[in-house]
């Protein structure tokens, strides 16, 4: 336990060790990784885990969902907004700098149960004065606009004047550490004092004049003073250009603790009209400061308690896996705003600037299953983002010469294609990025996600009013995307990139072709369902979308004749036409994190000439459409492609773990699971500093529930449980929503127990092939 390091008030807040992630030393080399690990977010805003006082080499970040700007960047990117964390301390004028003073003690703790970041340190300055600083901060999950910092400052061996600078810093940049790419997305619109009781900084984005308004107020008082009387003997407001600063001084007394409460309110012009921003922030700020931090903190903790009551998974017998899984779940469920259907979850969530804050297929295929089964309201909101971007997808299809709706590979706030045209290869050479032009499978991925949500929730209102249109318009795209080859009497999808991005400009990628076929077929099935059960809705949508019998016949023809490169005798699916003709390498060496090492002789600038792949492709297909393939086909393809997958994307290990369990490769499945679970905790991709691997977090949950927990939906739409536990696991328990009912599944080596916790009516579940009725 670590509680001896903290004051009693802080001790009482900290959860048990299984909920805690620790940083035990200050190190500028690894700090950027901890900044990502210790990011706090409520889905509306994410603030990286930098230090209040700042530090050398930090990557500060304050990201607000839905706030994008292009300015001088290649494409629209999430804006790094003004930094409100800053609190600098001075003793008799000398700054207590993490990089210039001596750190005698140091610890930071992320409390995942409560969504709080704790800190404690003992610091000695150049005059040998020792100061203890401890405290915590949180971004409220109850009121999304509220954040707070509480610090306890104790002069250990001196008395003297202590100064405090509370800063809202608008000098922030995107890509600040890269002279080649850094961009300024904000200009200051207002920097002012709030009735001498707080400060206000309002910024505006360069392109669209979106306003971001931040207000902060500081309260100083002695720790023992229950009345919290102000002890500042000097106070000054400094509107220094793009920084809004309050400076305070108080008389520090040896071994007497002073409390610094910093209250922060954030609003944007997405929330309220520009003319009302300042008055809204001021009103909310003083209401918050008047109430105090404790009440908001309690409400915040209660929201997390409610979320964890469904989301928490217990693994008994494997503490490392148990905590790593909890870490992934914490960040995933913290990253969604279930009340805003105009935003989604980016590939790096709100944890960093990686991938420019863009939304990929990661959300629908890797993250969404968690929300479907744990937080269905949030899942619906994420799908509504795609529905709300449907017009942009139609525009995208038309621009590319197709019909229907073609979703962009990278999406931001407008729904238009935001993939950069240029990037860098593994050697740092500039390369053309083709994913935005060619990685079309995302369109089918989104349709697939719509159907998966419907299967699990039976939310017919969503399907009738929103989901059906997405499936129809994406099916229409695929019919126009397919090319008819007369001499072979088949339809092909040529010049694409599949999930494996080592190979570009390929023809008939099996994943893409199969998902396109599925998308068109599902569109036809849905039309028949609507005709039969909801004729009024069918007539409305068919009139709106001009669905004709002639077009439906075309859909049937294309769906039946789409070509899949599949040798049914060998049962081996060729990833794309010509893949087996590439130079073959087999992976046989791994690094200290059990990640593959490039085979000897590989030219990593010409990976497209080899059979090495970046991530799961054919294996991914067999997971999504598992009912289409028999067990032997799955095993043969898993064994072939597993040896050739470099896992240069964090998306791969979780998928190989699930498939490994399905085909009996239990040892490698567990290793793949731990690769996925630890991707950020041990930084096995080497880029955690750029932000959370959010898709891997979702994939990690899938491995435990769909893999070890054995949960799947069969062809008939029934819930199946076919579990398998690793040797060191004694018990696994998880909860999911299934068609409006909350159920708990408890798995041991001896038995599987399924309980209904909430809901009406009986539930039928197949446990290891035996049908049970759960009352």
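Each residue, glycine too, has its Cβ placed from N, Cα and C.
The shown structure was predicted, so the numbers you read here are calculated from the model rather than taken from an experiment.
For the recorded site, residue 501 (active site, proton donor), the DSSP three-state label reads coil. Counted within 10 Å of its Cβ, the other Cβ atoms near residue 501 (active site, proton donor) come to 20, all protein chains included. The active site, proton donor annotation in Swiss-Prot covers 501.
Taking a C-beta cut-off of under 8 Å and a sequence gap of six or more, residue 615 (substrate binding site) has these contacts in its own chain: 499, 500, 501, 645, 647, 648, 649, 651, 652, 655. Under the three-state DSSP scheme, residue 615 (substrate binding site) falls in the coil class. Annotation source Swiss-Prot lists substrate binding site at 361, 362, 614, 615, citing similarity to another entry.
Within its own chain, residue 361 (substrate binding site) has 409, 441, 442, 445, 446 as residues 6 or more apart in sequence whose C-beta sits under 8 angstroms from its own. Most Cβ neighbours within 10 Å among the binding-site residues 362, 614: this distinction goes to 362. Across the residues the record lists as binding substrate (361, 362, 614, 615), the two Cα atoms farthest apart are 16 Å from each other.
The residues near the substrate site, meaning same-chain residues not in 361, 362, 614, 615 whose C-beta sits within 8 angstroms of the mean position of the site's C-beta atoms, are 360, 499, 501, 649, 651, 652, 695, in sequence order.
Classification of residue 362 (substrate binding site) by DSSP places it within a helix.
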